[in-house]
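Features as listed in TrEMBL:
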BINDING   ARG334  substrate binding site
DOMAIN    39-324  domain 'Aminotransferase class V'
MOD_RES   LYS190  N6-(pyridoxal phosphate)lysine
Amino acid sequence: MNKKTILMCPGPSEVHPEVLLAMAKPLVSHVDPSFFALLDQLQGQLKTIFQTENTCMLLPGTGTSGMEASLINFLDPGDKVLVGVIGHFGDRIRMIAERIGCNVKVVSAPEGKALNPEDVEISIKGFSPKLFACVHAETSTGVLQPLEDIMNICKKYEVLTLVDTVASLGGVNVPVDDLGIDIVYSGSQKCLGCPPGVAPISFSPRAERILESLAPRNYYLDLRLIRKYWLERAYHHTPPVSLFYACNKGFDLIIEEGLINRFERHRKVGLALQKGLEAMGFKLVAEKNVQNPVVTAVYLPAEIEDIKLRKILLEEFGIEIALGIAQLKGKIARFGTMAESARPQNVLYLLSALENILKRYGLFKEGGTDVASSML
Ligand SMILES: *Cc1c(COP(=O)(O)O)cnc(C)c1O
């Protein structure tokens, strides 16, 4: 099979060949001693990557399975939940909490902005929620939500915290224990640089106590039963063995690179892309001070139809990007610089392709590749 595209969308991202190769290893059963040893290794790797001492596991399914598991295992119908919504994925959390039958209140921010900690505090004071949930990297806008102040407010009012790190873990610092996050999940295919299909999850002793106190209302993503498999080897479901091999290798590569080096690589590459795009006249959706390095969203000039842009990039340049979703549908383009996609040559290639396209529309003013290459 010939590789035809470069993934510059916010997931899935490019996967290191060694990670792909790991999946070609022969299968063992989910009760093979070597597989149990792999589970122990994965837990250790996840603790390093989440920067936590809390329980860590991998769930079957993509990021959304982590989202659903994080809500359904810790909430009962009627529970008060405050959701920070700054885009599409925060809204997905709201929707799941509502489907559980929770009493849901939303605190939001204008397009391109992060939540204001004062607004969160006012909502917590007035509503007294059991749980506060928000998204760290809101992929629909490119906003990176600062967490420290908000998590401190939750601590002050003893509110349980849940953070979606699907688009940040492995690319941006997520110090779970320092921040005091109780429940956190991610997805394998974004900054973790693995194929899609697995959702890392971690939860604190406080969250575990809640887990024990509730009557289970779900089965496949029941964290009690999955934890029993990970810790006591009691069969619950057959995990995706090959994907676990891939994660083991992918997590190894992350730890080998070093978290700090990896965050710096993503920061540098993302910033170069953003400066390049701005030099070319694109306006970023996210406010400067909360711009995520790994997801960049830009407004498109009225002359350029988003679907056409995506088609040209894909068919002529072999670059896959993403477009707007929800309220931003039709208005923006989104670029991911995650995991193996976060490489200087990808950014320069994407920028020069965009320059070429702008020229066709007569919209070319200034190049962005020079600006970006001077920063890489
Ligand atoms: C991608 C993403 C999800 C959903 O993950 P899937 O793997 O598509 O299920 C959830 N939250 C955020 C912030 C995301 O970027």
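Placement of Cβ uses the backbone N, Cα and C atoms for every residue, glycine included.
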Cα distance (Å, whole number) from ARG334 (substrate binding site) to the residue listed as 'N6-(pyridoxal phosphate)lysine': 14
Largest tally of Cβ atoms lying within 10 Å of a Cβ, found at which of the recorded positions LYS190, ARG334: LYS190
